[in-house]
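Engineer: Below are the features listed in Swiss-Prot for this protein:
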BINDING   232, 233, 234, 235, 236, 237, 238, 239  ATP binding site
């Protein structure tokens, strides 16, 4: 270990000399208290260090000790249901060690619990040949997560010894005989956060990650292994969209990174998730969740680390063969941390003061999402879906963070302040948002939900776009200038907006909608349009069509529970009989 000396302190940036043996991205201990920092720049024997803790009280002349290791996370049983800070220190253990409700300086705690024993069940046996990624056994971590213990990267050989029983994360569970001698394996492995975990090959995402949110699943789906951005101004509902996707998203593991946002939002997650039941397993949502909290009052430098810590944990579960989603709320705060460090390093600023490498750093993060075949004999398939919130100042999506993000991701859920002020939630603007996975996801929906899913979706989207065009005419010359056919289109588009796209996150039946229910709801609304068109052709007045009692039942169909979904078929039958009755009574042609 090499010791240097501090010559400059500037907020979270510390410059030390005598560091000629250190490397970029080495972890260092700064000052007498041993604050954790990371070298981000070397100039001769001078190292620029970003410190992940509060630097008040540190001054020139204090020692800096290099560890010679990159910033790494501990991966093993104990991750699920835990809450970490940006550099993977468990907040509950931290609070006990520091005896304080706030982050104290220089407190060292292990990421994974060293006392807790986990029941290890071997699946490999003595004499088996193993290499990186092969599963040698399992630990039932929670009721829903079976933690597969994998051979670490770089280890290849024959199992010499393997034990069953209860072990902590540091005890030896197996010995592998390699060309370089015997290698002891434990339940835990370490991995540097800035380096993506290796895999056998990448796959094309073909399956949608269903979220139970109608506007997302029907109109702007994201694939398992895809990347999505949620930009929007303050108060438009970014965090609620992220929470909804984290709660109801069709993934087996959720990693939620609160990066520079309010502490109360992480408290909401901690309060709500344990009480909510996963619709697939019936267990608490917390039993599949890892939380990383790096709130706005925590050290700025740790925001950058928190994003990498989160994606590394997500990749670890992906390698086990799980589908994982990672929520980053918000990447703008992370970019602001980059901007602050860049300014203190006196680098040449780019757009709006952000560093020139903002785009490549964002790409480093989002490109670690994807669907892959993991290393190992059994060819496990896993996926990481990355969903990042972006908070552009004033909702201006032409600013650098949003633009750099949109160049990388394939799904854009644009939140609209005007919709939010009208109390339309989720406030995703259907005219500006897009999904480049639409065609592939449409094929999957046609094959697995209903063969006319794509046709219904296209028809509904065309109606919404036509409504926007007709609204211009209505503003100029009024509703009376429109033909009955156009007025019907406006009424159906209004029904799509209010009865389908609008969704109440706090209503037990409306907060989550299965794909089957989504199809039946959209089919009901568009069937009303088709039947009404037949009635208009037969000479029935539009006012009579719009006053049909069945319209109220269609509007309230969103509140039908998943168990009583067959009631929608009854509404469809009622709709057809009421329309046929109107047509038989006749209208303008019989007058």
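Each residue, glycine too, has its Cβ placed from N, Cα and C.
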Engineer: Taking the Cβ of residue 233 (ATP binding site) as reference, which residues of that chain separated by at least 6 in sequence fall under 8 Å from it?
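Structural biologist: Expected: 391, 392, 394, 395, 415, 417.
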Engineer: At a 10 Å cut-off from the C-beta of residue 232 (ATP binding site), count the other C-beta atoms across all protein chains.
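Structural biologist: A count of 29.
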Engineer: Indicate the candidate from 235, 237 with the smallest number of other Cβ atoms within 10 Å of its Cβ, considering only these binding-site residues.
Structural biologist: 235
Engineer: Inside 8 A of the center formed by the CB atoms of 232, 233, 234, 235, 236, 237, 238, 239, which other residues of the chain have their CB, for the recorded ATP site?
Structural biologist: 391, 415, 417, 420, 427
Engineer: Sort out the sequence-distant neighbours of residue 239 (ATP binding site) for me: same chain, 6+ apart, CB within less than 8 Å of its CB, listed by position.
Structural biologist: 261, 265, 329, 389
Engineer: Please work out the number of neighbouring Cβ atoms within 10 Å of the Cβ of residue 234 (ATP binding site), leaving out its own Cβ.
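Structural biologist: Here the count is 12.
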